[in-house]
Amino acid sequence: MSPWRLSVAPMLDWTDRHCRYFHRQISRHSRLYTEMVTTGALLHGDQHRHLDFNTEEHPVALQLGGSDPADLAACAKLAEQWGYDEVNLNCGCPSERVQRGAFGACLMAESSLVADGVKAMLDAVSIPVTVKHRIGIDQIESYDFVRDFVGTLAQAGCQVFIVHARNAWLKGLSPKENRDIPPLRYEFVHRLKRDFPALTIVVNGGVVGDDAIAEQLQHVDGVMVGREAYHNPWSMAAWDTRFLGADANPHDSREAVESAMVEYLGRQAESQGLPWAHGARHMLGLYNGLPGARTWRRVWSDHHLKALPASQVHAIAHRREVAA
Ligand SMILES: Cc1cc2nc3c(=O)[nH]c(=O)nc-3n(C[C@H](O)[C@H](O)[C@H](O)COP(=O)(O)O)c2cc1C
């Protein structure tokens with residue numbers, strides 16, 4: 001089974017290590033990605049803050065934003081030294097800030113520079129080096145563009161491609177709009193798998209629900225899920241048993257997941273002084289769709305309770321009724 005069969009997408013401000021620990025309570029075997037970290041932030045900033053993670057998070061990939069091959073190689077080495085299972089290069093982010101730094105989706109127009117970066121990283125480390133990208137940029141509508149991009153990087157040694165199945169429009173759309181407005185074209189991604197059968201091709205974008213995941217897995221090696229996993233985390237509850245060959249899922253109820261998080265938040269408060277809200281914010285969708293979910297969510301986002309330990313907030317959240 002491909003290690004990339006099912007993963008949770010890198011999401012800036014969202015998939016920090018507390019979020020990843022939380023997701024692990026629901027799916028033990030899917031692949032998790034960090035938020036994008038720029039090479040500049042890693043080489044000149046607080047490495048510990050950017051790179052530290054809980055051992056429970058494995059398999060976990062570090063996503064890099066950058067374009068200078070030497071910087072990418074240095075950061076890939078850091079990723080390997082810190083114990084990451086993969087280093088992933090972001091060639092899909094359309095934000096203007098990222099474009100000014102000349103990385104993200106605009107790199108799709110510079111495949112030879114990306115190939116140099118991939119080569120430099122592959123020479124520096126023995127963990128897999130992967131690329132996450134779009135099917136095109138701006139008004140480029142032809143399949144040949146993404147085929148040639150993948151072909152060039154494959155020649156440089158990249159074997160795993162995570163493809164967000166829509167274009168990035170570099171002008172005129174916000175990053176958020178760029179995740180919704182350019183149309184999804186799964187067919188392009190399926191065609192990549194047919195044209196490059198030896199490569200690992202993972203589809204991303206708008207895949208919601210286990211049946212849609214199963215459908216995609218008929219065509220490609222893996223599926224990466226972003227917003228649905230974050231907003232509706234219990235949607236991952238059957239991933240391990242249905243898709244990842246496990247005998248059991250990590251916890252059989254939302255309550256058990258919440259209890260595991262309360263223990264974690266208590267440990268983090270003790271060892272690192274972490275305010276519980278920093279971790280709890282990622283689990284606010286846990287009871288989505290159930291009666292009582294809003295009241296429960298309100299307690300876990302109530303800053304008036306910030307002086308209390310997580311265990312007491314937990315008790316308050318369940319003093320009101322939460323249906324199972
Ligand atoms: C809040 C947010 C932050 C994101 N940050 C990143 C990022 O740092 N790197 C990246 O490659 N993609 C990022 N993305 C895009 C997702 O990884 C994913 O490609 C996109 O949401 C489409 O998948 P989905 O429809 O399953 O959410 C972000 C998405 C969201 C919603």
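Positions of Cβ are set from backbone N, Cα and C atoms, glycine also.
Please treat TrEMBL annotations as automatic predictions, because they have not gone through curation.
Here is what TrEMBL says about this protein:
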type     : residues                                                                           : note
DOMAIN   : 8-307                                                                              : domain 'DUS-like FMN-binding'
BINDING  : PRO10, MET11, LEU12, GLN63, LYS132, HIS164, ASN204, GLY205, GLY206, GLY226, ARG227 : FMN binding site
SITE     : ASN90                                                                              : site 'Interacts with tRNA'
ACT_SITE : CYS93                                                                              : active site, proton donor
SITE     : LYS176                                                                             : site 'Interacts with tRNA'
SITE     : ARG179                                                                             : site 'Interacts with tRNA'
SITE     : ARG294                                                                             : site 'Interacts with tRNA'
SITE     : ARG297                                                                             : site 'Interacts with tRNA'
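When the alpha carbons of ARG227 (FMN binding site) and ARG297 (site 'Interacts with tRNA') are compared, the span between them is 18 angstrom. Taken in sequence order, the recorded sites ASN90, ARG294, ARG297 that lie near ligand 1, meaning a CB under 6 Å from one of its atoms, are ASN90. Summary for the recorded positions LEU12, CYS93: the Cβ-based neighbour count within 10 Å is maximal at CYS93. Taking each of the recorded positions LYS176, ARG179, ARG227 in turn and counting other Cβ atoms within 10 Å of its Cβ gives the largest count for ARG179. If you count neighbouring Cβ atoms within 10 Å for each of the binding-site residues PRO10, GLY206, the highest count belongs to PRO10. Mapped onto three states, the DSSP output places LYS132 (FMN binding site) in strand. Using a 10 Å Cα-Cα cut-off around GLY206 (FMN binding site), the recorded positions ASN90, CYS93, LYS176, ARG179, ARG294, ARG297 reduce to ARG179.
Between ARG297 (site 'Interacts with tRNA') and LEU12 (FMN binding site), the C-alpha separation comes to 22 Å.
Taken over all pairs of the listed FMN-binding residues (PRO10, MET11, LEU12, GLN63, LYS132, HIS164, ASN204, GLY205, GLY206, GLY226, ARG227), the Cα spread reaches a maximum of 20 Å, rounded to the nearest whole number. Per-residue confidence over the domain 'DUS-like FMN-binding' (8-307) averages out at a pLDDT of 96.
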